[in-house]
Every structure is written in C-alpha cells, then in structure tokens.
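Colleague: According to TrEMBL, the feature [4Fe-4S] cluster 1 binding site maps to C29, C34, C40, S266. Marked as domain 'Radical SAM core' by TrEMBL: 41-255. As annotated by TrEMBL, [4Fe-4S] cluster 2 binding site applies to C55, C59, C62.
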Amino acid sequence: MKQKKKKITVSDITLLKKYFGFKGINTICQSAKCPNIGECFKKRTATFLILGEYCTRECDFCAVEKYNPELVDINEPAKIAKAIKRLGLSYSVITSVTRDDLSDGGAEHFAKTINEIKTLIPESKVEVLVPDFLGNTKSIDIVLNAKPDVFSHNLETVPALYGKVRKGADYKRSLKVLRYAKAAGFKVKTGIMLGLGETETQVFETIEDIKSTNIDTLTIGQYLAPTKEHYPVIREYSPAEFKTMEIFAVSSGIKQVASGRYVRSSYLAEENFCI
C-alpha cells in the first residue's frame, strides 16, 4: 500500500504565514512544492532559499522556475539570520537556486549568510545545500571557509538520466564537488531520487560512486512530479525496495542513510544531523 502524506491544511498555511511571512524571505519548501511542507512548518522548520526565486537552469523534475535571475539582495543574509533567531531554530538549512550568471555562482552570498547566522546565533548549526558552482573550487572554498556544519550537494539521479532531466549539470563534476568538500574535512551529504526511469543496477552503481567520495550522509527518496507538466513518475518504489537500497548503502560503508518515499535531502535535517 502506498504511504500517504498529509496535505497541508488551512491551519498549516496560517502558521506558515505567521512564521515565514518575513519580507524578502523565500523557502525551497514553497518554491519546490515539497510534500513535507505541512509537517515541517508545524515544527517551525524550513529550508531557506537564497539568491532569488528564479534559476538559471531548468531541471525537468524541479518546480523552481527558470527565468531571468533577480538582482542579489545584499540584505538577505541578515534577514535570514533574524528570521532564524525569531523562530528559535537551533539548526537551519540554506539552499539556493543555481546562479550560473554570477562569477562565483553565489558562493560569497552563501558565506555571508552563514556568517550572519553564526554571529547572531553562535550556537546555531547551519547546513548548506549548494549548487555545483560549475566545479569551481575557489567558489567551494569561499563557502567552506565560512565553516558550515554540514556541506550538502545533491546528485539527484543516476548518470544515465542527466541528459534527460538535469540539463546543464554534470554527474562527474558533482562527484568532484562532494569529494573536494569531504577532503577538506567537512561533514558532507548528498541525495538522490528514485522513479525517474533508472534501473536497480544503476542505483547500486550510483551508491557505490557516492561511497567513493567518502561522504557521511545519503538520502534516498521517491520522485514525485510537482505538476502534470513536469517529468512524469516512471516508477513508484515500495517501502521494501527503499529498505533494500538503504541496506545496500549502509553495507557499502556510508555512515548514515535515510531512505523512504518522502525522504528529501533537507527533510528533518536536524534529527538526521551527520554523525
């Protein structure tokens, strides 16, 4: 039987507006139409989206819109930090749209956001979910030098499907990003989705590639099309199949694995904080 997720209710929306109605603050929860939005907002948690609402790439599985990117809001890092303090969050996740139009891919803005949070709430832990920065290690270093508690970058899918659903991205480049951050001594995390048309063998091979980067945490979730216009769900995986993937990943040597239909890379990030 397919596991059902509670839909967001009117009361959830009211709560959402109450706690996240800060002027000029976006969340990936809303922009990407995440199925966990109701649960997370009830817990007063969210993944904050920086660098605007429009992406310079257009992945077929993603609800974030591709459009002319906005000007960078230099006050955004401070706004995010104040919002986190007001919410009383001890753990926050910061992500962004992909900004290939910026010379550093938005790395300096990530760093400023981390620094603002750490300055205003020194005890707060910060996880960043970053784009690939086109593989630019100088940009990655800018983010790492701000000392995030967790550095996350999602592979999203198996390499064979990149040309179909992840145009503009490069599988090997993303692996290098993960490997580089881990070699620098950080806690590193990545996530993949199932149901885009991959084979079981391809998933196992991808997990082995992920293990080769020595990352700490892997999330595996079911792809759910945001709308009928997006890439269709090719296959629905059962709880038993998700468990099989989890067992394989753990046996491969990945320290921490979260695998299930509604698992997302930032879902319950504090509870799944890298060991």
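Cβ from N, Cα, C; glycine included.
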Colleague: Count the other Cβ atoms sitting within 10 Å of the Cβ of C55 ([4Fe-4S] cluster 2 binding site), across every protein chain shown.
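Modeller: Counting Cβ neighbours of C55 ([4Fe-4S] cluster 2 binding site) within 10 Å gives 22.
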Colleague: Around the C-beta of S266 ([4Fe-4S] cluster 1 binding site), how many further C-beta atoms are within 10 angstroms, looking at every protein chain?
Modeller: 27
Colleague: Using C-alpha atoms only, work out the spacing between S266 ([4Fe-4S] cluster 1 binding site) and C55 ([4Fe-4S] cluster 2 binding site) and round it to an integer in Å.
Modeller: 19
Colleague: Summarise the model confidence on the domain 'Radical SAM core' (41-255) as a single mean pLDDT, whole number.
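Modeller: Mean per-residue confidence for the domain 'Radical SAM core' (41-255): 91 out of 100.
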